[in-house]
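Summarising the annotation, TrEMBL assigns active site, proton acceptor to D133. Annotation comment: TrEMBL describes G16, R77, S78, G107, D108, G109, S110 as ATP binding site. What TrEMBL lists as ADP binding site is R26, A27, A28, V29, R30, R160, K219, T220, S221. The Mg(2+) binding site annotation in TrEMBL covers D108. Annotation comment: TrEMBL describes T131, I132, D133, R168, M175, G176, R177, E228, K252, H258, L259, Q260, R261 as substrate binding site. Taken from TrEMBL, the feature domain 'Phosphofructokinase' covers 8-283.
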Amino acid sequence: MEPKVIKRIGVLTSGGDSPGMNAAIRAAVRAGFYYNIEMYGIYRGYEGMIHNEIKKLDSKNIAHVLERGGTFLKSARSEEFRTPEGRQKAYENLKAHGIDALVVIGGDGSLTGAHLFYKEFGIPAVGLPGTIDNDLSGTDSTIGFDTACNTAIQAIDKIRDTATSHDRLFFVEVMGRDAGFIAINAGIGSAAAAILIPEKKMPIEDLVEKLKVRTKAKKTSNIVIVAEGGKSGGAAEIASKVKKLLPYYDIKVTILGHLQRGGAPSSFDRLLASKLGVAAVEGLLHGKYDVMAGLINHKVVYTPIKKAIVDDKTVDEDDFRVAKILST
Ligand code: F6P
């Protein structure tokens, strides 16, 4: 597509925040300044676009944000943006500010919003994959995933200490609504006895059998990782089912929850976010609209948003194999 002349770009973060979003905003804004573009911050995601929470950014706004978790632009999940009336209001506000393109940082819902907006109003947008879940195609890793895995592993290491002292069985629930990426990474990285993820059903009987085998092998403490969207239920549900079948086990449940969404981004996420922030602005300037910028094999790749959100990115079968070998 022949590139439009772009003078003002709006940047927003939307949906669940993820560590590295600030680094991505900073990179996009700095890249914009480099190419003499006026940069605008749209606060509270699409909700702020509808309610006109839009401010011009200068270099002070993005000083010392790269290393901070969360998003200084704030984030929200907007119900109103799902309606044509909400999107119309949002468009009027962008028009009033003379914003001619968008960088949207978020997960599948946020990128779907950018896609719809492009289709309805022709506002060019480049999406960046900002979610701890890693459930977007078109990128090897999403911004925040690496940090979330590190956070989960550090927490599980601590649980391991107390589990060992008391010879206990712990069920640790990690985030990942429909995706087991955090669970499989954190599980392999923390020597879990078993990993339960949404993509694969493990019957309770199989889990119980596995635990019995480990007990016979004199493994007195065990950690089972459960993804929150697991097919057999959450950690609490699975723990109570297992307790019925193995009443002599001393069982505890820990839900890591939103702990995994915060914290300073890892070096991997800082680099990923920085590269993609620049790629978003350069993509817009080169006429790449309605795409998501991602990194595949260390190279920037632009994937149509529709494909990035629809294509099923699944946990690598080989990761399962490795997890199974290491927990037997
Ligand atoms: O999509 C990111 C995520 O952290 C999921 O892993 C989790 O299910 C969800 O967001 C939680 O959303 P909220 O913060 O709105 O409760």
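Keep in mind that glycine also has a Cβ here, set from the backbone N, Cα and C atoms.
Residues from the binding-site residues list (G16, R30, T131, M175, R177) with a C-beta closer than 6 Å to any atom of ligand 1: G16, T131, M175, R177. Of all the binding-site residues in the list G16, K252, L259, the shortest Cα-Cα distance to K219 (ADP binding site) is found for K252. With respect to Cβ neighbours within 10 Å, the binding-site residues G16, G107, G109 differ, and G109 shows the lowest count. R261 (substrate binding site) sits 8 Å from G16 (ATP binding site), taking the C-alpha atoms as the reference points. For the binding-site residues shown (R26, R177), fewest C-beta neighbours within 10 angstroms: R177. Look at the binding-site residues A28, M175, L259 and count other Cβ atoms within 10 Å of each Cβ; L259 has the fewest. Cβ environment of S78 (ATP binding site): S14, G45, Y46, E47, I50, G86, G113 lie under 8 Å away, each six or more residues apart in the same chain. Using a 10 Å Cα-Cα cut-off around R177 (substrate binding site), the recorded positions R77, G107, D133 reduce to D133. Note: the CA-CA distance between S221 (ADP binding site) and G109 (ATP binding site) rounds to 40 Å.
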